[in-house]
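As recorded in TrEMBL:
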| type | residues | note |
| --- | --- | --- |
| TRANSMEM | B:26-47 | transmembrane segment |
| TRANSMEM | B:53-73 | transmembrane segment |
| TRANSMEM | B:103-126 | transmembrane segment |
| TRANSMEM | B:133-152 | transmembrane segment |
| TRANSMEM | B:190-208 | transmembrane segment |
| TRANSMEM | B:239-256 | transmembrane segment |
| TRANSMEM | B:276-303 | transmembrane segment |
| TRANSMEM | B:315-334 | transmembrane segment |
């Protein structure tokens, strides 16, 4: 791919006290590409993604969006560049209802600066019913909703706005089979639209099903970055667990053509 | 304009956003009615117009403090300094009048002093990461100490009739001169403090329900990390809530000192507890995210009516404290039941 990457994270560092959570990591993402980010718990995936989302500031390194260096002081800075995130924790305010959560931090207002509840409700009904046609109880506080519905709100929030880069941190963790399939369809659809997606996941099946590339992290470092057709599930497991590919590894796709 | 005139949407918001506290608010409202009926049966004077207006007057200070407290409690915090800030603000208003300022700018200065104390609270909490309980406990001592030091612990008196207007005046007061030459009060009028309370209540309810900052106050208290990740500036939001609480404490200080026509540096001790009690009785949750102006008003009136009714029934001030103590525990107990996973 000769085009400019949507995102380049170059030589990113993050440490907490003496612990290096992210250790000189470089990673990139192209338009219409889904990159799977894998690794143990605590390998630094979420931390790396939080820095891209503006929720955490790196100690070193550079982030470029569309080739231009950026600095994110807070999540809204990243959002302004079209970077949306579905956090693992979903980041929902439990006492508020679905529209309030969908627009949290960027509420629609009338020209007098009042909250435009009607417009937010219409938009919420729109986007949420597209993701889940059975989503009707929009006025209930989200604490009373099911895990799937909560996830749908978090996803809806990330795709409603003018999204160019989508970070999905374990987007299917709380979902049943049909909802997981819906998320997979959604990812394919967004990829068609040219959106770049980072998919943080533990689900090997999802990763091989959806991703164009896998990046594996181990102890804060990138230990593998491969096109999906170059590796098998066993290879990726080896990267995750041992931090390296099997001894006699060769790109699998070459093997086949040979 | 269409947004304002949509009753359906507005009703829905009211029902949903405060749905979690509605059970408690209902029980609080029932308690309020039971109190009125009970005290009414016990004493015929209780249900008179005069006494009703007295209750309005007595409750306005706690009501204004409680509304500011509610904003802070919804963010998941607490403001223990309002009683002391009230005294400091009143003292500063008093000094400003003594220095020759007209009453209105002088009282504005007092209110701004209160706001400054609140801003300091917010600064300590958000920048220095000190828990609200400790930060405002510190301000409680600082503001009280300042008020006492500035005045040498003596009341500032001789403030003139106009200083007493806010606290003692009333709207629509009808007085008739009798033939004997003594005035007869036909209608005592609506006390200015009660009108001020109503204005404050409407304004803050509007901010909490209809403005972005209000939405952010609820979100911050509901889940601070989620709010931050969603792009809410939680620090600004908290700073705003504490500053408003301080400013409202300043207004309450003006009302109270004006009623006494003296700036008393030792006034308002333990008022923060009444304010917290009003908010909690009215359905605000100390764990944040829940509460509202309407509930707090009900809570303030429950306390006010309890005090007034027990007074009229000749119950000693000490017994009153015991009763109100039990009411607060009962209210928090209901809060606990509500938050228990069902």
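Each Cβ is built from the backbone N, Cα and C atoms, and glycine gets one as well.
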Dominant neighbour of the transmembrane segment (B:103-126) in B:239-256, B:276-303, B:315-334, by Cβ pairs under 8 Å: B:239-256
When counting Cβ pairs under 8 Å to the transmembrane segment (B:276-303), the leader among B:53-73, B:133-152, B:190-208, B:239-256, B:315-334: B:53-73
Interface-richest range of B:53-73, B:133-152, B:315-334 toward the transmembrane segment (B:239-256), CB pairs under 8 Å: B:53-73
Intrachain residues whose Cβ lies under 8 Å of the transmembrane segment (B:133-152), provided they are six or more past its termini: 78-81, 83-85, 87-88, 90-92, 95, 117, 120-121, 124-125, 242, 263, 265-266, 269, 272
Remote residues contacting the transmembrane segment (B:53-73) - C-beta distance under 8 A, at least 6 residues beyond either end: 79, 82-83, 86, 132, 170, 188-191, 193-194, 196-197, 200-201, 204, 208, 217, 221, 241-242, 244-249, 251-252, 255-256, 259, 271-272, 274-276, 278-280, 282, 284-286, 288, 291-293, 295-297, 299-301, 303-305, 307-308
